[in-house]
Amino acid sequence: MVETMFDLPVERQIFYAVLGFSWTVYLWEAYLSYRQRRIYRTTTHVPQELGKIMDSETFEKSRLYQLDKSNFSFWSGLYSETEGTLILLLGGIPFLWAVAGSVTARFGFGPEYEITQSLVFLTLATLFSAITGLPWSLYNTFVIEEKHGFNQQTLGFFLKDAVKKFAVTQCILLPVTSLLLYIIKIGGDYFFIYAWLFTLVVSLVLVTIYADYIAPLFDKFTPLPDGELKTDIEAMAKSISFPLTKIYVVEGSKRSSHSNAYFYGFFKNKRIVLFDTLLEDYSPLNKAGESQPEQPESDETSSESKAKPKNKKQGCNNPEILAVLGHELGHWKLGHTVKNIVISQMNSFLCFSLFAVLIGRKELFVAFGFDDSQPTLIGLMIIFQFIFSPYNEVLSFCLTVLSRRFEFQADAFARGMGKASELYSALIKLNKDNLGFPVADWLFSMWHYSHPPLLERLRALGNTKQD
């Protein structure tokens with residue numbers, strides 16, 4: 001008689017169900033990526049409706065860039081899935097827990113010091129992840145991003161940055177985890193409420209201090225100088241009662257020529273951050289090209305000293321920057337930020353509540369090789385990462401759909417401020433600067449795109465013509 005999965009012990013059923021779902025998700029993602037790669041390979045000419053928006057040279061550059069990124073994503077994803085499977089099959093998690101126990105025992109801490117052992121385990125796990133991920137990160141930065149003119153880092157800067165990120169992460173992760181484990185241990189029957197409140201406070205504190213204390217460890221932030229742009233931003237913020245206190249320019253150009261803008265802060269203390277690569281008047285790539293004769297871009301030219309031809313400057317002019325910020329402030333005015341926080345915290349509370357129900361189930365621990373102990377940190381990992389994975393996939397898709405809806409609403413808000421034409425041209429410029437490919441497979445974009453495709457956004461803004 002052939003033994004089916006349902007004839008196996010419940011522990012093995014759980015294990016194989018987790019493994020099977022993980023590979024199902026991977027194969028689904030691989031299928032979607034294959035559909036999008038087919039678009040990259042076959043769409044070699046600018047579609048007619050894009051003729052007035054994108055020139056053939058930029059279209060081809062963006063096609064090749066996205067194709068390279070997609071191929072890289074396939075191989076890195078396959079490696080990641082294979083590594084995760086081997087870790088589960090070979091008992092990597094209980095092995096690392098035992099190693100952490102051996103380390104703590106050397107310093108005189110026995111099994112009763114579970115939180116100490118958990119912190120050693122967490123340090124070893126994140127170190128392993130950082131080391132195995134380093135070659136992929138190096139290839140992405142110094143081969144793909146370098147090839148397509150985005151990378152601005154030296155190897156020394158990259159490695160120093162990686163070490164700094166690891167150190168800062170540990171400084172935050174270890175104290176937060178130890179306190180969370182302690183709260184779960186002493187919280188009694190309602191520990192899940194205290195654990196949820198603790199994570200809520202931590203997330204709010206991190207959001208508050210990130211740009212002021214954490215981000216400056218990696219990038220240089222300088223106040224936007226007095227001038228027309230600053231005056232116009234302050235006037236726009238005042239017109240919608242946005243409590244703006246500071247405007248910063250961040251030197252993102254020292255690591256990448258990709259551009260971005262965001263705001264942060266709570267209550268009456270909001271700050272706006274603009275990447276120097278977003279600002280036409282600040283981008284070092286434009287300044288680098290000013291001293292050189294105007295000439296077409298060449299693949300052989302260094303990305304750091306590349307001359308930008310006339311009308312192909314990187315970044316946006318001041319009216320376009322105001323339109324982009326009009327979109328960002330629309331997210332605030334329409335309550336998108338608060339809604340996202342509420343959804344996130346409702347989800348967090350639900351997960352901790354279910355965790356409280358499941359943490360006592362010994363079969364969950366046995367399924368992953370913990371026959372004699374039930375460490376709280378391992379319980380968090382098993383339940384949040386493995387058991388909740390189907391729910392997490394559904395939630396992620398729903399949030400992606402909601403995000404696209406919010407983006408359309410924020411565009412409409414900017415249009416209502418009379419900035420449709422400027423936002424229209426800004427979206428086109430930013431798409432060119434970041435080599436975004438404007439043609440997407442419908443299923444891939446539906447599942448992955450948190451922002452609507454370029455053409456959909458331009459159509460929604462109306463038939464505003466670019467100058």
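Glycine residues also receive a Cβ, built from the backbone N, Cα and C atoms like all the rest.
Taken from TrEMBL, the feature active site covers Glu328. In this view, Glu328 (active site) is surrounded by 17 other Cβ atoms within 10 Å of its Cβ, with every protein chain counted.
The active site, proton donor annotation in TrEMBL covers Asp411. In sequence order, His327, Gly330, Leu423, Arg457, Ala460, Leu461 make up the list of same-chain residues 6 or more apart from Asp411 (active site, proton donor) whose Cβ falls under 8 Å from its Cβ.
Taken from TrEMBL, the feature Zn(2+) binding site applies to His327, His331, Glu407. Within 10 Å of the C-beta of Glu407 (Zn(2+) binding site) there are 21 other C-beta atoms, taking all protein chains into account.
Sequence annotations record features per position, and here TrEMBL assigns domain 'CAAX prenyl protease 1 N-terminal' to 36-220.
The domain 'Peptidase M48' annotation in TrEMBL covers 224-463.
Taken from TrEMBL, the feature region 'Disordered' applies to 286-315.
Beyond its flanks by at least six residues, the transmembrane segment (14-32) meets 5, 8, 74, 77-78, 81, 84-85, 88-89, 363-364, 367-368, 386-387, 389-390, 393, 441, 443-444, 447-448 of its own chain at Cβ-Cβ distances under 8 Å. What TrEMBL lists as transmembrane segment is 14-32 (among others).
Feature annotation from TrEMBL assigns transmembrane segment to 86-107 (among others).
According to TrEMBL, the transmembrane segment annotation covers 119-139 (among others). Sequence-distant neighbours of the transmembrane segment (119-139) (same chain, 6+ residues past either end, Cβ-Cβ under 8 Å): 72, 76, 79, 83, 96-97, 99-100, 103-104, 158, 162, 166, 169-170, 173-174, 177-178, 377.
What TrEMBL records for 166-184 (among others) is transmembrane segment.
Residues or ranges marked as transmembrane segment in TrEMBL: 190-211 (among others).
Taken from TrEMBL, the feature transmembrane segment covers 349-370 (among others). Beyond the ends of the transmembrane segment (349-370), by six or more residues, the same chain brings 10-12, 14-15, 18, 88, 91, 93-94, 97, 191-193, 195-196, 199, 376, 378-380, 382-384, 386-388 to within a C-beta distance below 8 angstroms of the stretch.
What TrEMBL records for 376-402 (among others) is transmembrane segment. Sequence-remote contacts of a segment are chain residues at least 6 beyond its ends whose Cβ falls under 8 Å from one of its Cβ atoms, and for the transmembrane segment (376-402) they are 18, 21-22, 25, 93, 97, 114, 118, 121-122, 177, 181, 184-185, 343, 347, 351, 354-355, 358-359, 364-365, 367-368, 370, 447-450.
Same-chain residues lying 6+ beyond the ends of the transmembrane segment (86-107) with a Cβ under 8 Å from its Cβ atoms: 15, 18-19, 113, 116-118, 120-121, 124-125, 128, 368-370, 375, 378, 381. In this structure, the binding-site residues under consideration are His327, His331, and the one with the smallest number of other Cβ atoms within 10 Å of its Cβ is His331. Taking the mean position of the Cβ atoms of His327, His331, Glu407 as the Zn(2+) site, the remaining residues of that chain whose Cβ falls within 8 Å of it are Glu328, Gly330, His336, Phe406, Gln409, Ala410, Asp411, Phe413, Ala414.
Cα to Cα, Glu328 (active site) and Glu407 (Zn(2+) binding site) are separated by 9 Å.
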